[in-house]
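According to TrEMBL:
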- B:32-53: transmembrane segment (TRANSMEM)
- B:73-95: transmembrane segment (TRANSMEM)
- B:131-151: transmembrane segment (TRANSMEM)
- B:163-181: transmembrane segment (TRANSMEM)
- B:219-237: transmembrane segment (TRANSMEM)
- B:268-289: transmembrane segment (TRANSMEM)
- B:301-326: transmembrane segment (TRANSMEM)
- B:338-364: transmembrane segment (TRANSMEM)
């Protein structure tokens, strides 16, 4: 490609929503043949920038040039015509169709050849016959990327693509980015994870509050310099958990990632000795022999057992699609298991309705915030108190909105949630603040026996991650059992007392995160490769249960 | 490339909104302005139909106006029509709040009318109105609610679309009325000659709805009942926990279930109330002059009520306004045919055009919102 014309050149880009300036005089140059990272916390304007480049938002001001020619997209079709492919945070797949049918919706000529090309060049091979709704989120994301690559774009824009991917998938994606760049095209990788930027990027631009805070070749920008640009304060002020979520510690298999987390992080069991009076011991949440069959007859959960003790934080690691979603649905009450039982503090809740679970003290932070965690079209106050409206009565019949808003105000302040007040629609909040609302609601349960949170920090900025983690630790310190499902291994390592690994419907492990080789062992378990007897891949989940080492999570129980 | 100024239409949602709406859009999106615009357009089309029928606009208008509010009789029967429509539309709105589309007003109305006739005819001839009227109305409500309850149960237990089931139940409801008034063993009046009409015997005096507008006007208590129903429903939907729960279920059944709301019960309740309201409307039709259950007594009210509900788009103020408009237009249309020779069906065409225009406006205003 010509050295003179950059793949994408943006200058003076400004975009406001109402009084808020999402982008303010943004300048960005992406050279052809490079991977350019756009870094920044959530709400920094990254997504807005993507939407402008992708033609779904028209900027207020600013000039865009694509390979030297002026580029002023009015609609997404313009971007496609110009050879720009976008992969957004939210999927644009038709869930009721198969992958192949979704690809055919693109109406591209000689699709089989293109699919073959993507497979050969990038090693991405989607299962064309799988129905999208049956696929785990991580796989859907891969299909999205395949969709984008099928158009053989000159510029590929990826908006937080790794949020839903496991480590191996992330590696594969980053390698794909490098390949696209090596082919002479350009990749804009929008992320809040520095580790990824360092591994895959050539150059970076850091956005903070809609402005360009800095940038340049990544060779000259080590994480120590990037972090202050991103968050406006030095990197040293981050604790290990936060550093983990932005990928700072991702590259170093540091044995101290968990142990060095410091006091109050609850990373190691002995830090939790301070409160003698709080409830301890096993049995807060107990799953025994829980089995869930998928429609195709395979086991989403294969006679799994798990015990989460009072005051204990148990993490579930693993590549998505190994039963974690079903486990959460099971706990939330959306799914009844085919076999086994679920007990909360000794009480059988296997078939209890969500309302009874809530009453019994099971808080659930669902994986899909928009669909299950909250009602985006309703205000914040309503979202906080929908389950407890009886508390806000006036004259016996009317809803006391004033009292409700008042109570909501207290929660918003107490949890540091930034919003337009209790009356603001949930959908107007940033992802981090939405998650804080969901968490605040679940933590407010009384009694709170157990909190089950799936991907509690996905898509959250660093500050919000810190807030969510400290809330979880506080709850645990009060004796609440906590179950965290996360694809962020670093997060689990600093947060949990014990980590089990979901693999083909089994929970393998546990692994003590304070052990020096915890990361490696979990990585091995994620591939199902922990047991010495593991000869083939078939039946690996079952083999694990009978392996000589006492690895399965149910070993201590039965 | 001069980027046009964008209106700050949305207060900066984090998930970047779709391309801008024109500045008019928020105004256009309001139910009242959508309704007005549709009325103007449909009225223009109506004018064309009048001219096509070879009548001058002035003659047609006079006939229409005469039929709508030319006499206490015209006003009274228009009000009765409007009340029936308003009841059905009110129920539709409540169910729609829970995310359900009730297209079964006609069948529920028939079920209500059937039950009201059965109960009314079973009452002794000298029953006092204080007892008879409430009994008839309650029977109508119960039967309508039960009729809708079938669809609700299929929906919550089996996931069958309530649009399909309520629609199909309409035909059964209409058919049942037809059977009942043809069979002497059921509700048909005693057949004394070949002239005996296939309809029920008249209800006893104490089971008929009292008149509220004096001797001249046929307006009955159904008008008051419909007004009360609309007001109370509006208050419940806006100001109570039940209303909020219904709304939450309508927006997101998954999240509502997670939050511990009894989703199935709320959906069933919403749809059953819609059926009940239509049932009351049916009972009202039976209990007003000529106070018999006859074949086709529903005369399409169930479908017109659905149209009113759709046009009102969730606002009960709009339900009242559109019901009145439709009630008066329907009555005016009859006179239009009688006095001006313009087919009454042209009023139906105008009403249907109204629906089309409103649907188009709804599409235009929702399409521009975030579609993800």
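Residue positions begin at 1 at the first shown residue.
Each Cβ is built from the backbone N, Cα and C atoms, and glycine gets one as well.
Within its own chain, the transmembrane segment (B:163-181) has Cβ neighbours under 8 Å at 101-111, 113-114, 117, 147-148, 150-151, 154-155, 187-188, 198-200, 271, 293-295, 297-298, 302, counting only residues six or more beyond its boundaries.
Taking residue pairs at least 6 apart in sequence, the transmembrane segment (B:32-53) and the transmembrane segment (B:301-326) share three or more C-beta contacts under 8 angstroms. Listed stretches B:32-53, B:219-237, B:338-364 were compared with the transmembrane segment (B:73-95); the greatest number of C-beta pairs under 8 angstroms is found for B:219-237. Between the transmembrane segment (B:338-364) and the transmembrane segment (B:219-237), the number of CB pairs under 8 angstroms, six or more residues apart, is fewer than three, so the stretches are not in contact.
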